[in-house]
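Some notes on the structure that comes next.
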Amino acid sequence: MRVGVIGATGAVGRELVEVLGRRRFPVTKLRLFASGRSAGTRVETPFGPVVIEEFSQDRARDLDLALLAVSGDFAKAHAPGLVAAGVTVVDNSSAFRLEDAVPLVVPEVNAAALGEAKLIANPNCTTAILVVALAPLHAAFGLKRVIVSTYQAASGAGAEGMTELERETRRVLVEGEPARNEVFAHPLAFNVIPHIDTFQPNAYTREEMKVTWETRKIMGLPDLPISCTAVRIPTMRVHAESVTIETLRPVTAEAARAVLRAAAGVRVVDEPARNLYPMPLTATGQDDVEAGRIRANPVFGDHGLDLFLCGDQLLKGAALNAVQIAERLPALQVPA
Ligand code: 2RA
């Protein structure tokens, strides 16, 4: 496939190139697109050196596959034109995620939703990490309701977010000055911020509502009661999530552990006696979402469970899921 990464210089764009290489995606020609500022820069890739091009729909129209790591506005402006030119587009932004005609896909959960679609939406990172664990639990025990609290890394705000956290931390520790923020609403270093994306009329943030809306769509449970509190913490690139579920059928921690051990995309790390549980440090750079601290929730008796998840925001939360979607495209399937 002739593959283009649009937004190639951002944190997700760079990760997309690495993931395509690592998973030996069948790339006949890789093209990297960014703004005019980066155009002309030569970068080393697993597919050889590539010179970054300034994006235009016209330049990108002979791609087979475009992986978009751009803003929602940019995606809205350009994805339909690329699709009309015959390019299959996997979009990482929120622009099309809730449109009925656009599948929102986490392959371990709803690969069948892909169909013959030419425009596919990649979910919000927090949602993708959540549903790989929720879906098998739903299949085994039935979900009645879900409560999530997140601990989200700086990478969710892109390369600028990661740079800001590093700069602030140095400023405090090395220069002895107060942290100064531009990307986040407050200094992130030595802080936690219960505010990601904009506040909505219902007092939740848009990030929190994305978890609700997107989880319902991916899991095909339009009425699932789900509430999320999304919090930014000073870690680099792994989102952690504390999840409480009430189930329709009885559940035990041991049964849930067995279900999650068998689930694709999940690695159970749950040996508290050996201090083994999911952590950003251990989940960094890993494809699988770590699941642990699995225990009965006393509020819901034998129908409740608490667990803790950690997933690499740039991998399962973004680039890896996008490439996994591309791997399932009909053009790449060998006829039976
Ligand atoms: C965040 N979920 O962590 C967002 C990014 N997609 O900010």
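The backbone N, Cα and C atoms fix where each Cβ goes, glycine too.
As recorded in TrEMBL, the features of this protein are as follows:
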- 2-117: domain 'Semialdehyde dehydrogenase NAD-binding' (DOMAIN)
- T9, G10, A11, V12, R37, S38, S155, G156, Q313: NADP(+) binding site (BINDING)
- C125: active site, acyl-thioester intermediate (ACT_SITE)
- Q152, R232: substrate binding site (BINDING)
- H239: active site, proton acceptor (ACT_SITE)
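The subset of recorded positions (T9, A11, H239) lying with their Cα within 10 Å of the Cα of Q152 (substrate binding site) consists of H239, given in sequence order. Long-range Cβ contacts of Q313 (NADP(+) binding site) within its own chain (separation 6+, distance under 8 Å): C125, I129, Q152, A153, S155, G156, R237, V238, H239. Taking only the Cα positions, the spacing between A11 (NADP(+) binding site) and R232 (substrate binding site) is 17 angstrom. The 6 Å Cβ screen around ligand 1 retains nothing from the binding-site residues T9, A11, R37, S155, R232. Annotation for R37 (NADP(+) binding site): no spatial neighbours, criterion Cβ-Cβ under 8 Å with sequence separation of six or more. On the backbone, the CA of T9 (NADP(+) binding site) and the CA of R232 (substrate binding site) stand 23 Å apart. Residues of the domain 'Semialdehyde dehydrogenase NAD-binding' (2-117) grouped by DSSP class, helix first, strand second and coil last, total 37 helix, 26 strand, 53 coil.
The record assigns T9, G10, A11, V12, R37, S38, S155, G156, Q313 to the NADP(+) site; their largest pairwise CA distance measures 26 Å.
Residue with the densest Cβ environment among the recorded positions R232, H239: H239, by other Cβ atoms within 10 Å. Counting other Cβ atoms within 10 Å of each Cβ, the recorded positions A11, C125 show the lowest value at A11.
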